[in-house]
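According to Swiss-Prot, the active site, charge relay system annotation covers SER190, ASP255, HIS284. What Swiss-Prot lists as phosphoserine is SER307.
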Amino acid sequence: MNGLSLSELCCLFCCPPCPGRIAAKLAFLPPEATYSLVPEPEPGPGGAGAAPLGTLRASSGAPGRWKLHLTERADFQYSQRELDTIEVFPTKSARGNRVSCMYVRCVPGARYTVLFSHGNAVDLGQMSSFYIGLGSRLHCNIFSYDYSGYGASSGRPSERNLYADIDAAWQALRTRYGISPDSIILYGQSIGTVPTVDLASRYECAAVVLHSPLTSGMRVAFPDTKKTYCFDAFPNIEKVSKITSPVLIIHGTEDEVIDFSHGLALYERCPKAVEPLWVEGAGHNDIELYSQYLERLRRFISQELPSQRA
């Protein structure tokens with residue numbers, strides 16, 4: 001019955017877990033923070049000198065000047081020049097959490113900005129080098145954020161917070177930088193595909209990339225599950241059909257964390273999916289090392305988006 005054993009079904013229906021508990025057990029492993037956001041006082045009306053710290057309006061997430069301080073654990077691979085291209089600031093989610101945001105200006109006048117939702121067990125500090133390299137190679141700017149409880153973001157990680165966090169990032173990207181939806185590519189990796197699919201199912205954008213995606217929390221915990229239960233967490237499989245933007249799905253055939261079958265199932269359920277990238281022999285965390293990864297992304301962005309075909 002739906003791929004679950006009798007004992008598993010009895011356990012589920014007699015003591016069904018809530019989505020939050022499934023999410024917490026399956027997904028969230030925030031690392032020790034590898035960075036901090038340091039407020040920089042702005043000049044007062046008289047020019048020299050600093051305005052009171054309150055003028056930074058950090059609690060509201062309004063524009064202010066912030067400096068990125070990386071620890072050694074961030075393992076930054078570039079020079080101070082590249083570090084200076086990174087802008088950081090906090091914003092606030094609808095659930096009241098401070099959400100740390102990062103904007104990497106890789107290419108002057110870039111046509112697209114990638115809103116990147118990263119995977120598990122990393123934060124913005126650890127991802128900063130990757131963002132610089134990816135944006136430079138794709139000729140896109142990169143905007144990212146940390147989930148509640150990750151990096152310098154406050155609160156605790158949860159499914160509901162994931163959705164509020166990406167909403168806050170989306171609004172910050174649009175209002176602070178004036179980026180229109182048709183210039184935003186939503187990119188989710190692993191657990192980051194959860195907020196990405198949710199946002200893409202509600203807003204149209206230039207494109208969507210799902211990198212090592214999961215279909216749902218229950219299907220990760222119980223691989224034979226065929227049905228989405230009311231207590232399931234991260235139900236990407238039920239939302240992906242609502243996406244109206246072009247979707248590129250990328251998955252490694254030897255993924256040891258989220259089985260390759262998840263990528264296949266989402267591809268089959270998504271009417272806006274383009275030709276996927278199945279990376280033969282790749283696992284969960286090494287797809288970026290294969291040459292076809294960048295090749296497929298470049299072709300998707302340069303040739304397959306509606307604005308490029310016009």
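Each residue, glycine too, has its Cβ placed from N, Cα and C.
Quantities reported herein were computed from a predicted structural model and do not represent experimental measurements.
Rounded to a whole number, the C-alpha distance linking HIS284 (active site, charge relay system) with ASP255 (active site, charge relay system) is 5 angstrom. DSSP assigns SER190 (active site, charge relay system) to a helix. Most buried of the recorded positions SER190, SER307, judged by other Cβ atoms within 10 Å, is SER190. Within 10 Å of the C-beta of ASP255 (active site, charge relay system) there are 21 other C-beta atoms, taking all protein chains into account. Counting every protein chain shown, 19 other Cβ atoms lie within 10 Å of the Cβ of HIS284 (active site, charge relay system). In this structure the C-alpha atoms belonging to the residue listed as 'phosphoserine' and SER190 (active site, charge relay system) are separated by 27 Å. If you take the Cα of ASP255 (active site, charge relay system) and the Cα of SER190 (active site, charge relay system), they are about 11 angstrom apart, rounded to a whole number. Reduced to three states, the DSSP call for SER307 (phosphoserine) is helix.
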